[in-house]
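Data block below; observations after.
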Amino acid sequence: MSKVVPREYYQFMQEMQAIDFVLVELTLYLDTHPDDAQALAQFQQFQRRKQALMQQFEPLFGPLHEYGNSPAGNRWAWAEGPWPWQV
Amino acid sequence: MWIYEKKLQYPVRVSKCDPKMAKYLIEQYGGADGELAAALRYLNQRYTIPDKVIGLLTDIGTEEFAHLEMIATMVYKLTKDATPEQLREAGLGDHYADHSFALFYHNAAGNPFTVTYIQAKGDPIADLYEDIAAEEKARATYQWLIDMTDDPDLQDSLKFLREREVVHALRFREAVEMLKEHQDSRHPY
Amino acid sequence: MDAQWRTYTPWRSPFDPCPPREQRAYIVPPNQFIQTQPRGLRQFAPREALRRGTLWPDLYSPYDTAGRGAQP
């Protein structure tokens, strides 16, 4: 019986990768434009969206962050797959 | 302190079963202008660079590890289901003899990774120009890798990585501008 | 051929062993024309930004080997 990644996983990934990418771009931009208040406001808006998505994803597929930066849940799902290079 | 996020920065999809590409892709894994070199370069320079650009070096250095993971994923997908014979035909016989299916930090020609690929002069302007050059060299390397494959999905991920280099180079150029300012002046925009 | 590409034609010899490739091309990415990114540049929508590799169309550099006409 093979372990195959469920389709739902990819739908979440698509959304999270897009939101996180905006956060990465804004992070680098704010590093060189620390006084851009509009960019900071946009960053905070996307930060909220990221949190909301993670709260939906993690109960289904386990924690995204290690060392206590994601809720642990009722079992130790951190060490379970799939891992990013396997999907 | 580093926290790992269990998610690729950008999806990696490889449609063509072409282990030969793995031999070339490894250039951006353990090569001179690759993602490991970039990550180590920036994360090391940041200890002795002026405060106002430490954030940028930390953040770009961290992003480079995410790119390293993407390259590893491409190589993993292209090699994990191959037979030793297929790997040998793909020019990866030398690699297999030493590492089997494990990845390793060497370039396309098989040269092992070395810290002589990177530099930290302790002079902020020199360090940032090293960084700008590194980004442009990485961009060029991605162009050559894109040229070498006709797999549109693999090209898609490589084009993403290439564009990241364009943006990083700009950020390092902006960092130079920040350092050119005298102590108490504000940004001119 | 899109605006980022430049072409040049190197000298060649009548004694060259291989069939000539007359024109060479190289790319000048948009970061060469910006010293510091101005505020308020227009943005891609998030999914498009991810696909392109940047949030800002002005920083986007396509690499389309098909349409450029010449090789490096």
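The backbone N, Cα and C atoms fix where each Cβ goes, glycine too.
Sequence annotations record features per position, and here TrEMBL assigns Mn(2+) binding site to B:GLU35, B:GLU64, B:HIS67, B:GLU135, B:HIS168. Following the DSSP three-state reduction, the secondary structure of B:HIS67 (Mn(2+) binding site) is helix.
Per TrEMBL, Ca(2+) binding site is recorded for B:ASP59. Taken residue by residue with DSSP, B:ASP59 (Ca(2+) binding site) is part of a helix.
Its Cβ taken as reference, B:HIS168 (Mn(2+) binding site) is surrounded by 27 other Cβ atoms within 10 Å in the chains shown. On its own chain, B:GLU35 (Mn(2+) binding site) has B:GLN28, B:TYR29, B:GLU64, B:PHE65, B:HIS67, B:LEU68, B:ILE71, B:ALA138 as residues at least 6 apart in sequence with a Cβ closer than 8 Å to its own Cβ. Taken residue by residue with DSSP, B:GLU135 (Mn(2+) binding site) is part of a helix.
Among the binding-site residues B:GLU35, B:ASP59, B:GLU64, B:HIS67, B:GLU135, the ones with a Cβ under 8 Å from a Cβ of chain A are B:ASP59. Using a 10 Å Cβ-Cβ cutoff, B:GLU135 (Mn(2+) binding site) registers 25 neighbours.
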